[in-house]
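Student: Okay, these came from TrEMBL:
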- GLY98, GLU99, SER100, GLY101, ALA102, GLY103, LYS104, THR105: ATP binding site (BINDING)
- 5-693: domain 'Myosin motor' (DOMAIN)
- 570-592: region 'Actin-binding' (REGION)
- 955-976: transmembrane segment (TRANSMEM)
Amino acid sequence: LPTSMWVGDMVLLEPLNEDSFIENLRKRFDHNEIYTYIGSVVISMNPYRSLPIFTPEKVEEYRNRNFYELSPHIYALADEAYRSLRDQDKDQCILITGESGAGKTEASKLVMSYVAAVCGKGQEVNKVKEQLLQSNPVLEAFGNAKTVRNDNSSRFGKYMDIEFDFKGDPLGGVISNYLLEKSRVCKQPRGERNFHIFYQLLSGASGDTLTKLKLDRDFSKYNYLSLDSATVSGLDDAASFRTVRNAMQIVGFMEDEVQSVLELVAAVLKLGNIEFKPESRVNGFDESRVKDKNGETIEMCELLGIEQSVLERAFSYRTVEAKMEKVSTTLNVAQAYYARDALAKNLYSRLFSWLVTRINESIKVGLAKTRHKVMGVLDIYGFEIFEDNSFEQFIINYCNEKLQQIFIELTLREEQEEYVREGIEWTNIEYFNNAVICDLIENNQNGILAMLDEECLRPGTVTDDTFLDKLNTICAEHQHFESRLSKNSKFLTDHSLPHSCFRIQHYAGKVLYRVEGFVDKNNDLLYRDLSQAMYKATHSLMRQLFPEGNPAKVNLKRPPTAGFQFKASVGGLMRNLQTKNPNYIRCIKPNDKKASHIFTDSLVCHQVRYLGLMENVRVRRAGYAFRQPYEPCLERYKMLCRQTWPHWRGPARDGVEVLLIDCSVPAEEFAYGRSKIFIRNPRTLFTLEERRRACLQDLATLIQKIYRGWKCRTHFILLKKSQVVVAAWYRRYAQQKKYEKIKRATLVMQSFTRGWKVCLSACIEYMPVSLQMQKYFLGLKTTMPSMSPIDNTWSAQPYSFLEGAHTELRRIFHFWRCKKHRGQFTEEKKAVYEEKLEASEIFKDKKALYPSSVSQPFKGDYLEIQKNPKYQKLNSAVEEKVLLADVVNKINRANGKGSPRLFLLTKSNFVLADQKTGQVKASVPLPDLTSVSVSTQSDGFFALKLKEVMEAGSITPSALMFLILLPLCFPGRFLVQFKQDKVCVKFIQGGPKNGTSAACKRKNNRLLEVSVPSSP
């Protein structure tokens, strides 16, 4: 708000006076702040329009928040009451008071919707919440009406007790209703309507439904419906009827029950259209007769299931029973109309009571062994001051006086008296106590209700005037009673006070009551003939609504008066409220025009005065916001101090003192009473609650940890025991299986042994051969040679008759062994063996040096010219892949000496190069090579034979001879042709001078001898 003066809590208002109080309310109202606090009391201003402050987001915003933490709101009070009920196990009641039109009904619905939104979830819980919430539209349709003060005024009092379980989830509830204004059924003041349900039925029911109910949509056809206010702006009767039908279904009404209810509503409308005409009798008295022009009586009888003659007689005669006598008298037209209206009022009011009972059957809680937590919500008619006030307004205002008295006792008088009892220093604050007004109305000896009952019950002529005369006699000196005919002379000349009226100075102001109708309305008589006629009806509800009409149970005792019943009901309500922790919502009406944005200072000031709000602020500012006995206080907060947790050994007061000192609470924030601790500021209490909530979370975590450890240990022990049992059973099972297996094997062995013995006796002549074969095969198993393919050993043949089998087994074993050996070869090893196989085909048994070379694998590039930098030039000169590279000695035919050369073989050429320089000496294509010759000796001599004709640049001789250490073979002698000459090369075995190498020596121009080592 723009200035700090417009505070949300009136306790903080400075300066505190009536003008600043009203100004604060007005400023907040202008800024759409319709809620204001007086401590824990909520002041609610009716905005007469919708505001965006009741959304689901607002519900979550105020959920589980401290009362003063956010701006004032009705949700804050609802949350505080719900959490006190759930966490502290304190029964709560929400008392909503104020004038008619101040917004009490809407406030009660907001409280219930908030509690429904914040409590638990679940299918069953949601069903209960829906039934509790949907009971409101049903009761509003049948019990609310438009008045000059309010378009949706409650014309009955409603108190709902909602029961919760220990978790705070709703279980159900009980609804109590108080004094339905049934006179409205027959007559409504100017500018007002009958109960909503009549207009909703005619506007929203389908054509088929109206046809079944024998109704017409035209309001003007029904005498009980006022026409000047039949339609109200902002109210959609058709949509409301659909809402009511849906709500009745959710609450639990069966379809036939709904139809029965609508039939009775239609019957009430039909009753209003029944007219009477006088008919003279022989004795000179007039007798009434039904004048049925449009068949209204017939249609109503069909709706109720009653014979027309029975109903018409009940409207024409009245039977009076006294002891053993029965007297029947006729009714004149006026009395017949009175009987008709009395029947209509009783039929509708009893239907309303049946609806409340039926709703209670759906939402009630079953019997339980444990006590349930209870939250009560009171939505009762507000204080009423009309131009014409009658018995109904008198009863309504009496109820409001009692509610104001409870407010005074619990918030003003009781609080101040408690400070004195507890020894707290206190300065008494003056306030108006309306107990004197309550006593004027309800005193059992001289109270207005007692005198009214006495007047109704006394014999003789009883009228409203005789009742007024009694009041003028007994109450004349009472300071709150005014009458022009009383003995008090100061009212004799008061022309504002008519002769047939009396005036009471209520806490909310003076109200003038017209005494006309007080006696009849208090008697609330319904002729026994009508009750018995209704009991004879075949309608499903009539016998429940009129049980006194049963002829077998005629009760001659006079029924209690309406005032007596209401007084007893209000007394029970007050006792119920005093057992619960009260939470107040004081509703204020900002103007009489039901318009938004209008704030009438004088009207608001009047309501502030009679509600005692200024006194409430003064008491709250001077007192303490919270008080609690020492024992429950210590029990609730003992976990905040190590010295008091978990048990305090000593007086509770000493424990609370230690606790508050340990929590560092300032001394001015609390005071010690004789039996209670008083805390001044609510914020101090909220701080303790926050610390307690955090501590409870830590304790819950500790409990969870210990529980989880215990649970895991218990589970482990159980698993261990189970494992031992399972292992024992498994070992038993395994031993059984093993025994069975051994037993089966033993039986098989025994059977084979017995069979062998039988066969042995039958085949004794063939035994030597069989034994020899068996011995042979068993011996072969033990003498099996190794898996090496070159192992040629084999066991000796023991018997001649097994010669063929012995040889064949050796061959098969050798082939199998070779196959197994080959299966172990890798691809590289397989290639090596293939090369060895080729060499074996060429040199085996032809070259003496071959056996010594078998174990040596072919390497190919013995010089490693790719890696050796010495042969880099040679490597670049040879483009193809080198298959063979080694050092050889080229033999000179002139002198037989050899010169070292590098010999390289590729796929297309062989190359000779200088060993030192790597320079290519000769390159011969392989196609020019005709043959290769070797000897059979142990040497490395070989000759390459070339074609006769060579191209330019190639080697010119026709043959080349080399001496190398390669394992190649030559014949003993051969001829080599060089150009036109032929040279004979002869091999001689003998030890050469240079060791094991071969040596060449020229003998003449035609002979070359080669000395080779002897074969090993």
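Placed from the backbone N, Cα and C atoms, the Cβ positions cover glycine too.
TrEMBL: automatically predicted annotations, no manual curation.
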Student: When you measure from the Cβ of GLU99 (ATP binding site), how many other Cβ atoms are you left with inside 10 Å?
Tutor: 26
Student: Count the Cβ atoms, other than its own, that fall within 10 Å of the Cβ of LYS104 (ATP binding site), considering every protein chain shown.
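Tutor: The answer is 26 other Cβ atoms.
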Student: How do the residues of the region 'Actin-binding' (570-592) split into helix, strand and coil according to DSSP?
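Tutor: Going through the region 'Actin-binding' (570-592) residue by residue, I get 9 helix, 8 strand, 6 coil.
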Student: When you average the Cβ positions of GLY98, GLU99, SER100, GLY101, ALA102, GLY103, LYS104, THR105 for the ATP site, which other residues in that chain have a Cβ within 8 Å of that mean position?
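Tutor: These residues sit around the ATP site: ASN46, ARG149, ASN150, SER153, GLY382, CYS587, LYS589.
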Student: Just jot down the residues in the same chain as GLY101 (ATP binding site), at least 6 apart in sequence, with C-beta under 8 A of its C-beta; none if empty.
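Tutor: The answer is ASN46, THR147, ARG149, ASN150, SER153, GLY382, LYS589, LYS594.
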Student: Taking the Cβ of THR105 (ATP binding site) as the centre, count every other Cβ atom within 10 Å, in any protein chain shown.
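Tutor: There are 23 of them.
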Student: Out of GLY98, GLY103, which of the binding-site residues has the smallest number of neighbouring Cβ atoms within 10 Å?
Tutor: GLY98
Student: Looking only at the domain 'Myosin motor' (5-693), what is the mean pLDDT?
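Tutor: Residues in the domain 'Myosin motor' (5-693) carry a mean pLDDT of 86 in this prediction.
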Student: Long-range same-chain neighbours of ALA102 (ATP binding site), Cβ under 8 Å, sequence gap at least 6?
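Tutor: Sequence-distant Cβ neighbours: SER44, ASN46, GLY382, CYS587, ILE588, LYS589, GLN607.
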Student: For SER100 (ATP binding site), which residues in the same chain are close in space, meaning a Cβ under 8 Å from its Cβ, but six or more apart along the sequence?
Tutor: THR147, ARG149, ASN150, SER153, TYR381, GLY382, PHE383, GLU384
